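Worksheet: the structure to be examined is printed underneath.
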Amino acid sequence: MKTRMIFVGPPGAGKGSQAKIISQTLNIPHISTGDMFRTHIKGSTPLGLEAKKYTDQGLLVPDDVTNQMVKDRLSQKDVEKGFIFDGYPRTPDQAIFLDNLLMVTNQKLDVVLNISSSDEVIVKRITGRRTCPVCGAIYHVDNYPPKVAGICDNDGATLVQRKDDQKETIIRRLSVYKEETFPLIKYYAHKNLLMDVDGNQPLEVITKHVLEILEQK
């Protein structure tokens with residue numbers, strides 16, 4: 001069973017959902033860059049304070065800061081049996097850093113899962129999201145609606161659509177993703193690590209396909 005993996009894919013393709021499911025199924029940590037940033041920023045670590053300078057301005061955190069957070073995370077005991085990266089690496093430079101980091105500890109990546117979805121499916125998925133401003137619960141108008149339309153099941157707050165979930169923002173993010181990530185996809189394809197997964201399918205079908213890939217020798 002492959003246990004050291006990376007999930008890549010455009011926003012809304014479902015890579016985060018799959019990473020969480022596989023993490024629970026295989027009992028290995030799901031390492032999301034967003035979670036790493038939040039943990040360091042909340043803990044006011046030197047890396048967190050450095051990252052905050054950029055996130056507060058809506059800028060990407062520089063590679064050297066992100067890479068050091070990854071190095072710190074991979075030094076923890078819970079990654080010995082495997083790990084799932086979600087949102088990292090973002091560029092070939094980060095991928096090379098990760099390769100070298102794993103080499104030092106006699107480890108290597110098993111597979112890179114590219115969850116791809118059509119722009120139309122992604123736009124429909126994301127624009128349907130609604131978030132509770134109080135508890136942070138996420139719903140979807142079609143796929144996971146609240147019991148009462150527009151109202152959070154947990155606290156009765158009125159659900160909102162985040163700016164990030166609006167159509168214009170999504171189209172812009174998809175364009176940036178394609179431009180930024182194509183070199184990374186090419187890098188892993190060249191190393192024969194890339195496996196494509198059709199993200200247009202239902203969640204459970206995607207999970208089944210992912211598990212089949214992980215079980216291949």
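One-based numbering along the chain as shown.
From the backbone N, Cα and C atoms, a Cβ is placed for every residue, glycine too.
These numbers come from a predicted model, not from an experiment.
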Given Swiss-Prot annotates G12, A13, G14, K15, G16, S17, I138, Y139, Q201 as ATP-binding, which of R4, R129 belongs to that site as well?
R129
Structural state of Y139 (ATP binding site), classified by DSSP into three states
strand
Excluding C132, C135, C152, D155 themselves, the Zn(2+) site's Cβ centre has within 8 Å the residues P133, V134, G136, A137, D153, N154, G156, A157, L159
Provide the three-state secondary structure of G16 (ATP binding site) computed with DSSP.
helix
